[in-house]
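Scroll down for the structure; my scribbles are underneath it.
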Amino acid sequence: MTATAPITQDVMTLPRKLPEGGPLNIVGLTREELMAALVAAGTPERQARMRMGQVWQWVYHWGVRDFAQMTNLAKDYRALLAEHFAIVLPEVVTRQISADGTRKYLIRIAGGHEVETVYIPEEGRGTLCVSSQVGCTLTCSFCHTGTQKLVRNLTAGEIVGQVMLVRDDLGEWPERGAPKDETRLVSNLVLMGMGEPLYNFENVRNAMKVVMDGEGLSLSRRRITLSTSGVVPEIARTAEEIGCQLAISFHATTDEVRDILVPINKRWNIRTLLDSLRDYPRLSNSERITFEYVMLDGINDSDADARRLVKLISGIPSKINLIPFNEWPGAPYRRSTPERIAAFADIIYKAGYASPIRTPRGEDIMAACGQLKSATERARKSRAQIAAETGL
């Protein structure tokens, strides 16, 4: 019997309204929500769909933040919009740029809370890693975010806002009247920042509806990857309601080790998780599932682990991303040696699976995989203390 996923309803997202009595922030509203809001503000129902489409394109295609600039709308209608609505994004507190070009943004959201967003430029593409929660409930022992307690879920607007802020910083909004440029600086999006996306399903789903909309931010679902530690009851919903690529934060080949590295395994173990994945490619029209596997020296990197991994995922269209562990202050683990990682990858490759080794990016600014944590929450524990807590 499958358990219901705990969607942390005890940690409610803040409403999209500005201070009491203020206008409604439309960033993150779905098309249906925006149209209903326009009607409630006095837009005639027969015009609502057209007006919604016009506002949508101004906000998400052109990046406009001022209703007065929406020049294909009548002046009195622009005034009505300004009276009832606002276009408000989170605030960039700091921006750090790594020696390799990676950018890390510390972003302040409603309530003064902070999350981190990372932009990774690569040859021919640019990947944006966004956060879905302030902190995390999962306490994965190798992950820096897991040492920060969950504060709250992000709203759909706060998730979409991360994309818009980075496009601001990169100057990626099109210029009206200029020739069309198909180059995309933000071409890929990964939900791999702070938090477990499937513990904030509704807001993540609604945010992705905005991000994937062809008349706005227009990122293809094939270029969006959601990474989950294994919230089994929400995996089928992800396929049906979002349909993006799926990555599994796997990291171990036995329940004994995964219970420690990824404690959610105690609720949904390896077999239960893998059984839930077999239909995902068909339901979502995805080619394959990505298994993420962090390489920890002496913990999960043996030849036996590699052979078990291949056996476990047999029958699931997949690839395995091997991630050299990115250390953070107080981390209880060390990165596997390059030779050990290469030997592990070779076993997987010879079994017929792609096994790329991820090149760490942004390590010098603590922006690499597993290193994100709100700057105001960087409480440092000693390596011995965390090792004692995890039992390794």
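Glycine is no exception: its Cβ is also placed from the backbone N, Cα and C atoms.
Per Swiss-Prot, the features are as follows:
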DOMAIN    122-364  domain 'Radical SAM core'
DISULFID  CYS129-CYS369  disulfide bond
BINDING   CYS136, CYS140, CYS143  [4Fe-4S] cluster binding site
ACT_SITE  CYS369  active site, S-methylcysteine intermediate
Distance from CYS129 (disulfide bond) back to CYS136 ([4Fe-4S] cluster binding site), taken between C-alpha atoms, in Å: 16
Number of Cβ atoms other than its own within 10 Å, given for CYS143 ([4Fe-4S] cluster binding site): 26
Neighbouring C-beta atoms (10 Å sphere around the C-beta of CYS136 ([4Fe-4S] cluster binding site)): 25
CYS129 (disulfide bond) versus CYS143 ([4Fe-4S] cluster binding site) - Cα distance in angstrom: 15
Coarse DSSP state, helix versus strand versus coil, of CYS140 ([4Fe-4S] cluster binding site): coil
Neighbour tally for CYS140 ([4Fe-4S] cluster binding site), based on other Cβ positions within 10 Å of its Cβ: 24
Chain-internal residues near CYS129 (disulfide bond), provided their CB is under 8 angstroms and they sit 6+ positions away: THR117, VAL118, TYR119, ILE120, VAL190, MET192, GLY193
